[in-house]
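Annotated features in TrEMBL:
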- 17-67: domain 'TM2' (DOMAIN)
- 21-40: transmembrane segment (TRANSMEM)
- 46-67: transmembrane segment (TRANSMEM)
Amino acid sequence: MHKAAKKAKAAAPAASGKSQLVAALLCFFLGGLSIHRFYLGYTGLAILQIVLNIFIIGFIWVLIDLIRILTGSLQPKNGTYEKTL
(Lines of atoms letter the chains of each structure in order from A and count residues from 1; the text may use other names and numbers.)
(Lines give C-alpha, C1' and ligand atoms only; values in the text may rest on other atoms or scores of the structure.)
Protein backbone atom coordinates (compact mmCIF):
# COMPACT_ATOMS: atom_id res chain seq x y z
CA MET A 1 0.00 0.00 0.00
CA HIS A 2 1.32 3.45 -0.86
CA LYS A 3 2.29 5.85 1.91
CA ALA A 4 -0.40 8.34 0.88
CA ALA A 5 -3.11 5.67 1.00
CA LYS A 6 -1.96 4.49 4.42
CA LYS A 7 -1.90 8.06 5.71
CA ALA A 8 -5.41 8.77 4.37
CA LYS A 9 -6.74 5.55 5.88
CA ALA A 10 -5.15 6.28 9.26
CA ALA A 11 -6.51 9.85 9.27
CA ALA A 12 -10.13 8.82 8.64
CA PRO A 13 -12.14 8.73 11.89
CA ALA A 14 -13.68 5.41 12.84
CA ALA A 15 -17.43 4.91 12.49
CA SER A 16 -19.17 5.32 15.82
CA GLY A 17 -22.24 3.18 15.16
CA LYS A 18 -24.42 6.31 15.44
CA SER A 19 -27.03 7.29 12.88
CA GLN A 20 -27.24 10.87 11.63
CA LEU A 21 -30.99 10.45 11.09
CA VAL A 22 -31.52 9.28 14.67
CA ALA A 23 -29.44 12.21 15.96
CA ALA A 24 -31.48 14.67 13.87
CA LEU A 25 -34.81 13.19 15.02
CA LEU A 26 -33.73 13.21 18.66
CA CYS A 27 -32.64 16.83 18.31
CA PHE A 28 -35.89 17.85 16.61
CA PHE A 29 -38.29 16.06 18.96
CA LEU A 30 -36.33 15.95 22.23
CA GLY A 31 -33.86 18.80 21.77
CA GLY A 32 -35.04 20.56 24.90
CA LEU A 33 -33.92 17.54 26.92
CA SER A 34 -30.56 17.36 25.07
CA ILE A 35 -31.10 13.68 24.28
CA HIS A 36 -29.23 14.08 20.98
CA ARG A 37 -26.10 15.26 22.84
CA PHE A 38 -26.24 12.23 25.16
CA TYR A 39 -26.73 9.99 22.08
CA LEU A 40 -23.67 11.51 20.37
CA GLY A 41 -21.54 11.10 23.50
CA TYR A 42 -21.32 14.73 24.66
CA THR A 43 -22.56 14.19 28.24
CA GLY A 44 -21.05 17.35 29.72
CA LEU A 45 -22.47 19.55 26.98
CA ALA A 46 -25.84 17.80 27.32
CA ILE A 47 -26.01 18.71 30.99
CA LEU A 48 -24.98 22.30 30.24
CA GLN A 49 -27.62 22.49 27.52
CA ILE A 50 -30.31 21.23 29.92
CA VAL A 51 -29.35 23.92 32.44
CA LEU A 52 -29.51 26.60 29.74
CA ASN A 53 -32.84 25.23 28.50
CA ILE A 54 -34.28 25.81 31.96
CA PHE A 55 -33.56 29.49 31.37
CA ILE A 56 -34.93 29.42 27.77
CA ILE A 57 -31.49 30.33 26.37
CA GLY A 58 -30.79 26.80 25.15
CA PHE A 59 -33.45 26.79 22.41
CA ILE A 60 -31.08 28.69 20.14
CA TRP A 61 -28.36 26.12 20.87
CA VAL A 62 -30.75 23.25 20.01
CA LEU A 63 -31.68 24.93 16.73
CA ILE A 64 -28.00 25.35 15.86
CA ASP A 65 -27.35 21.70 16.79
CA LEU A 66 -30.15 20.54 14.48
CA ILE A 67 -28.67 22.52 11.59
CA ARG A 68 -25.18 21.17 12.36
CA ILE A 69 -26.45 17.56 12.51
CA LEU A 70 -28.30 17.92 9.21
CA THR A 71 -25.26 19.47 7.49
CA GLY A 72 -22.89 16.90 8.97
CA SER A 73 -20.75 19.35 10.91
CA LEU A 74 -21.77 17.88 14.32
CA GLN A 75 -20.31 14.38 14.43
CA PRO A 76 -20.40 11.79 17.21
CA LYS A 77 -17.66 12.39 19.76
CA ASN A 78 -15.90 9.09 19.06
CA GLY A 79 -15.96 9.00 15.27
CA THR A 80 -18.35 9.47 12.39
CA TYR A 81 -21.93 8.47 11.66
CA GLU A 82 -22.45 4.84 10.73
CA LYS A 83 -25.48 5.91 8.65
CA THR A 84 -25.92 9.33 7.09
CA LEU A 85 -28.92 11.06 5.55
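Cβ atoms here come from the backbone N, Cα and C positions, even for glycine.
Whatever TrEMBL says is automated annotation, not expert-curated.
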Same-chain residues near the transmembrane segment (21-40), Cβ under 8 Å, at least 6 residues beyond its ends: 46-47, 49-50, 53, 58-59, 62-63, 65-66, 69-70, 74-77, 81, 83-85
Secondary structure content, the domain 'TM2' (17-67) (per DSSP, counts of residues): 42 helix, 3 strand, 6 coil
For the domain 'TM2' (17-67), mean pLDDT (0 to 100): 93
